[in-house]
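Trainee: Below are the structure tokens for one structure; questions will follow.
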């Protein structure tokens, strides 16, 4: 009996130890997961654009329940200017994050439904010789123009597809330092210029911030020179969220590319030169309206994003502004398309 009792006690003791060991393991697993999640959030913040997720809760503090996402619903299109004239020009701009992948994701189906007069694309990452047949053969846009990087295959790149032939088309801004990356196409129409641009990103760790500051000054000078000849529409990925209302996590991104004081001041200077952000002109208080969401952390479904894509207009074109749209339901890229309705 004495021996049996000892064995029994040993079994009980072993049992308790097993439970304790499992408990410790469980805690370690939980801590490991928490550290991994925190690391993921930090890595997201080190990228081109943070996803806006709040930092992980400190040890010992109660973790808050995640907030329900606040979504943005694009309102019905306004097809008349304030003075009652009907829109007669429709321009769509889209950072496609790789043209070939975007075509495979049926981006052109959406474009056909939208049916703009001009389609501007950024970050095509595709040399002209490698363009997909699906887009080069589009009869809807008989006039197509492409610009790509001279030095890097699969980098940068912009395009402009037009129903009506422009009077003239030029590439770049007349500065070799910038133009070799294939970032700008300008089309002259009878009453205005249309400029599509993919503005340089300051990069992870802001390694290109100095270059970006130079770009902002020289690009503004280029646009101002055009504006002296004829009013213009600038569209594209301008790689800046102008104000705190233009991104989800403004506090956590003040030292990240796209929301530095220097980049925001560059945009301020552009507006001060006589240009207007068309979306804010029409919707000055509209929050949660974004055009870019990182692929990490389910950011798009949570609407944790940035407004990086714009239609910027010369002051002389403002009377003809009808609507500036954010088509955030269109999929196919980490950006969504934007559309401008105007009278020209």
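Using the three backbone atoms N, Cα and C, a Cβ is placed for every residue, glycine included.
Pulled these features from TrEMBL for this protein:
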COMPBIAS  39-51  compositional bias 'Basic and acidic residues'
DOMAIN    93-335  domain 'Endonuclease/exonuclease/phosphatase'
BINDING   95, 123, 237, 239, 334, 335  Mg(2+) binding site
SITE      239  site 'Transition state stabilizer'
ACT_SITE  335  active site, proton acceptor
Trainee: If you count Cβ atoms within 10 Å of each one, which of the binding-site residues 123, 237, 334 comes out on top?
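Mentor: Comparing the binding-site residues 123, 237, 334, the most crowded Cβ belongs to 237.
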Trainee: Take the mean position of the Cβ atoms of 95, 123, 237, 239, 334, 335, the recorded Mg(2+) site. Which other residues of that chain put their Cβ within 8 Å of it?
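Mentor: These residues sit around the Mg(2+) site: 96, 97, 122, 198, 291, 292, 308, 309, 333.
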Trainee: Show which residues of the chain containing residue 95 (Mg(2+) binding site), separated from it by at least 6 in sequence, have their CB under 8 Å from its CB.
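Mentor: Correct list: 121, 122, 123, 198, 236, 237, 292, 308, 309, 333, 334, 335.
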Trainee: Inside 10 Å of the Cβ of residue 239 (Mg(2+) binding site), count up the other Cβ atoms and send me the figure.
Mentor: 25
